[in-house]
Amino acid sequence: MDIKSALSRIVGQLDLTTEEMREVMRQIMTGQCSEAQIGAFLMGMRMKSESIDEIVGAVSVMRELAEKVELQSLDGVVDIVGTGGDGANIFNVSTASSFVLAAAGCPVAKHGNRAVSGKSGSADLLEAAGIYLNLTPTQVARCIDSLGIGFMFAQSHHSAMKHAAGPRRELGLRTLFNMLGPLTNPAGVKHQVVGVFAQTLCRPLAEVLQRLGSKHVLVVHSKDGLDEFSLAAPTFVAELKNDEITEYWVEPEDLGMKSQSLHGLAVESPQASLELIRDALGRRKTENGQKAAEMIVLNAGAALYAADHAMSLKAGVELAHDVLHTGLAWEKLQELGAFTAVFKVENEA
């Protein structure tokens, strides 16, 4: 199916099959479509609402074309990632949580990018922390094997995305591509926490990941609108485990934590996010640093559970709490900076 035929179908509010979507996505990602066609396709899909079959087709093509990171084993390797677009401008919770996971001995293959609508994307934060981002897939694998954590800079692994960059930027709206990033981890992880910008996406994206072979995934959205677990409100979870999907709400109190406002956790820049994370991961914390630490513990705990590194969400949160307060997570961030600095010298020689 070509993109013109697909547009005719979409205008008629008809869904594409998985295979038809694969054909259209391959044309988009290999530069066979004009920017006008891509923009029309993305808007048409949004107006119609993307089906599970369509998302599966799009994800499978992006995964196929990605520059992959080959790991010795994917057992218990986890990614904690959000779609962004929640408008809250909270500090980089998922990225900070990743260092707690690594300090707990749980390997992390973190996939992320620069901010699109927010103040600080994961790549922006890590760059502010002095971590070199432009790694080869082999270098990322060496980071994960040696340190238990590596960062995959999305634009380095999904170069085919460049064909859709112009239309996405000019539309300035959330499109299908906002959902695809968290579903296209270049290391092919089977364990994830995926935060989404709307509760209505939780179940569908859990079903997409089920069809694509994921093992244990939590797809989450909090009642106060975050694409992660919140301290200030219940969080809705669609959990894929043992090839079954269950849906439920989680309150901070269910996990042994106290509900509190998120006041003081919004940031205006990657540097401000880094300062708050340094405060949160350090041994002596300000009031905002303590609150940020609890937000990190909540989300790192969920990822420890998704990685099967803890038997329950509550056990994951307890482990994350213990690890964060050792100060080892901040040391892990500094180790990654030193480790990638060597690769920077190699790559720029």
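Any Cβ shown, glycine's included, is placed from N, Cα and C.
So that you can see what the record holds, here are the features copied from Swiss-Prot:
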type    : residues                             : note
BINDING : Gly82, Asn113                        : anthranilate 1 binding site
BINDING : Gly82, 85-86, 92-95, 110-118, Ser122 : 5-phospho-alpha-D-ribose 1-diphosphate binding site
BINDING : Ser94, Glu228                        : Mg(2+) 1 binding site
BINDING : Arg168                               : anthranilate 2 binding site
BINDING : Asp227, Glu228                       : Mg(2+) 2 binding site
>> Just to verify a number: CA distance, Asn92 (5-phospho-alpha-D-ribose 1-diphosphate binding site) to Arg168 (anthranilate 2 binding site), in angstrom, no decimals.
In response: 23
> Hey, how far is Ser94 (Mg(2+) 1 binding site) from Asp227 (Mg(2+) 2 binding site), Cα to Cα, in Å?
Replying inline: 10
>> Using a 10 Å radius around its CB, how many other CB atoms surround Gly82 (anthranilate 1 binding site)?
In response: 26
> Which Cβ among the binding-site residues (Asn92, Ser94, Thr95, Asn113) has the fewest C-beta neighbours inside 10 Å?
Replying inline: Asn113
> Thr95 (5-phospho-alpha-D-ribose 1-diphosphate binding site): which of the binding-site residues Asn113, Arg168, Glu228 have a C-alpha within 10 angstroms of it?
Replying inline: none
>> Roughly how many Å lie between the Cα atoms of Gly82 (anthranilate 1 binding site) and Asp227 (Mg(2+) 2 binding site), rounded to a whole value?
In response: 6
> At the level of the C-alpha atoms, what whole-angstrom distance separates Gly112 (5-phospho-alpha-D-ribose 1-diphosphate binding site) and Asp227 (Mg(2+) 2 binding site)?
Replying inline: 14
> Whole-number Å distance between the CA of Arg168 (anthranilate 2 binding site) and the CA of Asn113 (anthranilate 1 binding site)?
Replying inline: 15
> Counting only residues 6+ apart in the same chain, whose Cβ is under 8 Å from the Cβ of Glu228 (Mg(2+) 1 binding site)?
Replying inline: Gly82, Ile90, Val93, Ser94, Val193, Gly195, Val220, Ser222, Thr235, Asn299
> From the Cα of Asp227 (Mg(2+) 2 binding site) across to the Cα of Asn113 (anthranilate 1 binding site), what is the distance in angstrom?
Replying inline: 15
>> Let me check the 10 A CB neighbour count of Asp227 (Mg(2+) 2 binding site). How many other CB atoms are there?
In response: 26
